[in-house]
Amino acid sequence: MLPLTIDDFEEHARRTLTPAHFGFFVTGAEDEVTLKRNKDAFKQLLLRPRVLVDVEKVSAATTILGQPIRSPICVAPTSLHGMAHRDGEKATAKACADFQTCYCMSTYSNYSMKEVTQLTRQSKQSRRSEPFQWFQLYVERDRAMTENLVRQCEQLGFKALVLTVDRPKLGRRLADLRNGFLKPAHLTFGNFEDGGGSFGNDIDPTLNWDSIAWLKGVTKLPIVLKGVMHPADAVRAVELGVDAVWVSNHGARQLDTVPAPIEVLPEIVAACQSRNVEVYVDGGIRHGTDVFKALALGARAVFLGRPIIWGLAYKGQDGVKQILSQLTFDLQLSMALAGCTSVDKITKDYVAAAEDYSFSKTLSRL
């Protein structure tokens, strides 16, 4: 049976990947309270459609950091794509290039940024323009190693650096411990000279706000700060000159019992509004209505993590494209049914908290 929903793709991955590999991708931290909350939080928002709107033509096209994309659905950095499909990040990046959306490549990719960029430049769609790729940057204890990664990004035409700041230490992921997860020996980390890397053990735990100034002194590439969950941090990031803020709890894989990104999105958007800084969000997005709700609360774009892995496990490059196409179709259908013809017209007027529609509250307003 053909997969019709993200859950269908996930179930296929559950059946085909080894338990340890599937567990690595699917697990959250500790009791997975936040992992469940990431998805459930979207159910606490209701849509408020408008009628008698001409929706014969509905466009999901938008821009992020000035770059045009086909829809506001982009691909978040996740490691070890080679565990889901032999073509790994090459397949993911090619799918994004063909679909004309942003691919954010993980520091801990199995293929190098050079290998991936060479392939995406050959992509049917990207022959008309440079592939739109960002690079997720972890700052290593060895700053020279980090600077080397930055130089490669600049030389290869990456459009932005996504400085990830919510992983000073590795979260406790019980499924990995129970499964005795180890990186497969045949898979290397292509962005490191020896192919080994330490899988995050060398990430600098002393990273602080001064590190943003250091990175801005190293590169002229735009800097996106990923892992922001508090409005005060968003304000400080904007004051220090970051180009965009990415609301994320690392797929609920770090600190358990934190809010879902969609729950803190409105106050972070408000904190960034005065500086006109774009805000992105990830976490728990499985439906076109989820994307619509995120845009209504002020996100410029959303990023997908696990759903991309499930598509990759299903059919490699074609599976990833299927995920992107399906969610974009779902978004456009949601827009049409809500009476909205373009993403820039999606505002908070289209959403309401579910608790505001209890009978007691509704009747009290009459």
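Here the Cβ of each residue, glycine as well, is placed from N, Cα and C on the backbone.
Binding of glyoxylate is annotated in TrEMBL for Y138, H250, R253; the matching candidate from R173, R178, R300 at the same site is R173. Just one of S248, S325, S334 is listed by TrEMBL for the same FMN site as S106, Q136, T164, K226, D282, G283, G284, I285, R286, G305, R306, and that one is S248. For the binding-site residues shown (G283, G305), fewest C-beta neighbours within 10 angstroms: G305. The separation of G283 (FMN binding site) from R253 (glyoxylate binding site), Cα to Cα, is 11 Å. If you take the C-beta of T164 (FMN binding site) and look for same-chain residues 6 or more apart in sequence within under 8 angstroms, you find P77, Q136, L137, Y138, K226, G227. As a whole number, the greatest separation of Cα atoms within the FMN-binding residue list S106, Q136, T164, K226, S248, D282, G283, G284, I285, R286, G305, R306 is 23 Å. Cα spacing between S248 (FMN binding site) and R173 (glyoxylate binding site): 17 Å, rounded to the nearest whole number. Long-range Cβ proximity for R173 (glyoxylate binding site), meaning a same-chain Cβ under 8 A and a gap of 6 or more residues, is found for T27, G28, A29, R253.
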